[in-house]
Amino acid sequence: MSILPIIKGEYKKDYNLKHLTWFKVGGNAEIFFKPFDSADLKSFLIQNNKKLPITTFGSGSNIIIRDGGIEGVVIKLGKNFNNIEFLDNHLIVGSSCLNYNLAKFCQANAISGFEFLVGIPGTIGGGVVMNAGAYGSAFQDIIVQIEALDFLGNFLTFTNKEIGFKYRGNNLPKDLILLKAIFKANKGDSQNILLKMNKINTTRSSTQPIKERTGGSTFKNPVGCKSWELIDKAGLRGYRIGGASMSELHCNFMINNGNATAKDLEDLGNFVRQKVFEDSGVELNWEIKRIGKYV
C-alpha cells in the first residue's frame, strides 16, 4: 500500500461495505474514503496520481460487492455532496442526493418531469451513470450538463449530447467522479405531480419486492422483450441458490433471503443467464454491477 494522500475527510481501513448495500452482502474495502468536500476530493486525486486503484460508491442500491472485497480506495461522497439548488430555471444537484429526495423537492416546488425518480432507488450520480429510467422517462430526458473530476483531479463538464446516453449506460470516460448534475426545471402543478408520484409508488409496491433485500432490476431488457418474461418462461421464478432467489413477485429481481453471500447472488444471476439462453436463445446482460474479488 502506497502512502495515503493527506486529506480533510476520513479514511477507514479494512472497512466492511456490507451494511452500505441494499443486498447486505460483500467484503471489505482496503481503504474507505469519504472526502470532506470537492476541494478535498480534488486534492486526494492529484496527490494519488492514479497510484492506488479507485472505486466509486453511491447508495449501494444496484451493486453486488463480491465477498473478496475491493482493493485500493473506495470513495463515497457524503452529505456535503447532496445539495439541491434552484437557480435561473435550472436545478443544480449534488451527485450523492437521493433520487427520491430530488423528486420530493420538485413536487414541493411545482417542478415537473422528475416524478419518475420517486420510483428509482439510488443517487443522482448513479442515475446518470446508469441512465436510470422507469415509467417512460430516463435521465437522458432531463439532464442538461454534468460536472465531474477525473482520476487525476481535472475538472470536466459534459453536456447531455457529450454524455452520449444509451439504454442503461453512456459513453463517458470510466475514470470520472460525478460532482453535480444540472437539470432544466419546468414548472408544473404541485398537486398533479403528487398524484403521478403516488401512482408510481402504488405500482411499485404491488409489482416489485421493495421491502426485500434486493438490488432492483437484475438484467437489462433485451431489444423487443422483457427480461422477466424470459426468466419466467425458463421456469426460474422463485429459483434459489443458497440464500439467494429470484423474486416470486417480479422475477427480474434477485433477493437475499437473509443468509445469502455475494457468491450466491452472482452465481444465481449467471445460472439464470445460462438457462434463459438455452431456453430462448437470448443473452441477458447484467444491469446490477458486480465489483471486487470473486471468491
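Quick reminder: no glycine exception, Cβ is built from N, Cα and C everywhere.
Since this is a predicted model, take the numbers as computed values, not measurements.
The domain 'FAD-binding PCMH-type' annotation in Swiss-Prot covers 24-188, and the record cites sequence analysis as its basis.
In the three-state DSSP scheme, R168 (active site) falls into the coil class. Here the Cβ of R168 (active site) has 19 other Cβ atoms within 10 Å, regardless of which shown protein chain they belong to. Among the features that Swiss-Prot reports, active site is placed at R168 (among others), with the record citing sequence analysis.
In this view, S217 (active site, proton donor) is surrounded by 21 other Cβ atoms within 10 Å of its Cβ, with every protein chain counted. Under the three-state DSSP scheme, S217 (active site, proton donor) falls in the strand class. Sequence annotations record features per position, and here Swiss-Prot assigns active site, proton donor to S217.
The secondary structure of E287 (active site), as reduced to three states from DSSP, is coil rather than helix or strand. With a cut-off of 8 Å between CB atoms and residues at least 6 apart in sequence, the same chain places N62, M130, R168, G216, S217, T218, F219, K220 near E287 (active site), listed in sequence order. Under the heading active site, Swiss-Prot lists E287 (among others), citing sequence analysis as support.
Summed and averaged per residue, pLDDT over the domain 'FAD-binding PCMH-type' (24-188) gives 97.
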